[in-house]
């Protein structure tokens, strides 16, 4: 028996009405995640609301603007994709996008690559197995993305250093956060200035079923990111900007 998929209230709260095919893909992704989780420790958020709210909803709610133009061509990268979120959910929701999934753990990238293939996304989902500090200096990636995103990876200044070098001049970095305050905004806006970037917006969402408050930071370039960023492997996390 197939797992139940969310009802109309869920999609209304998300502000997105997926096609039947997209709902089927998201349901299939749950099944694939469950299968791969038996081989590789990808995530504990696989069943019921853990999957549909904490994985799918939490991946898509910040993209209300982008979901209005799903077929618009976009180059996207999900840094530290882990079990494939938010990247695979966004690739399903934005069929015009080309998504790169990045993780330094080969077992995880092998799993998400296999899942993308089973979902019929292989033609527009690429997978890279390497540290983001290396990716940020690769000509194939540096300055090449419309959207660069990271969810549950590291402190915000660290994530900004990972993402900003990947952006096109008019691209955006999407930093998925849990708790966030006005004090955080003030401090973060200051520490990212060496990246030649600015915080352009903070979005807030109360997840359904009282699953907690989430925030999204949108960061855009205001100039060319200096070639010294990201710093060498391990340094951004050991010595975050502003520390």
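Cβ coordinates are placed from backbone N, Cα and C, and glycine is handled just like the others.
Noted in Swiss-Prot for the protein shown:
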BINDING   80, 85, 132, 133, 151  S-adenosyl-L-methionine binding site
| request: Provide the number of Cβ atoms within 10 Å of the Cβ of residue 133 (S-adenosyl-L-methionine binding site), excluding the reference atom itself. | output: 20
| Fewest neighbouring Cβ atoms within 10 Å: which of the binding-site residues 80, 151? | 80
| Around residue 132 (S-adenosyl-L-methionine binding site), which residues of its chain at least 6 apart sit with Cβ under 8 Å of its Cβ? | 79, 80, 102, 104, 162, 230
| field | Spatial neighbours, same chain, of residue 85 (S-adenosyl-L-methionine binding site) - Cβ under 8 Å, 6+ residues apart | value | 43, 55, 56, 58, 59, 78, 151
| query | In terms of DSSP three-state secondary structure, what is the assignment for residue 85 (S-adenosyl-L-methionine binding site)? | reply | coil
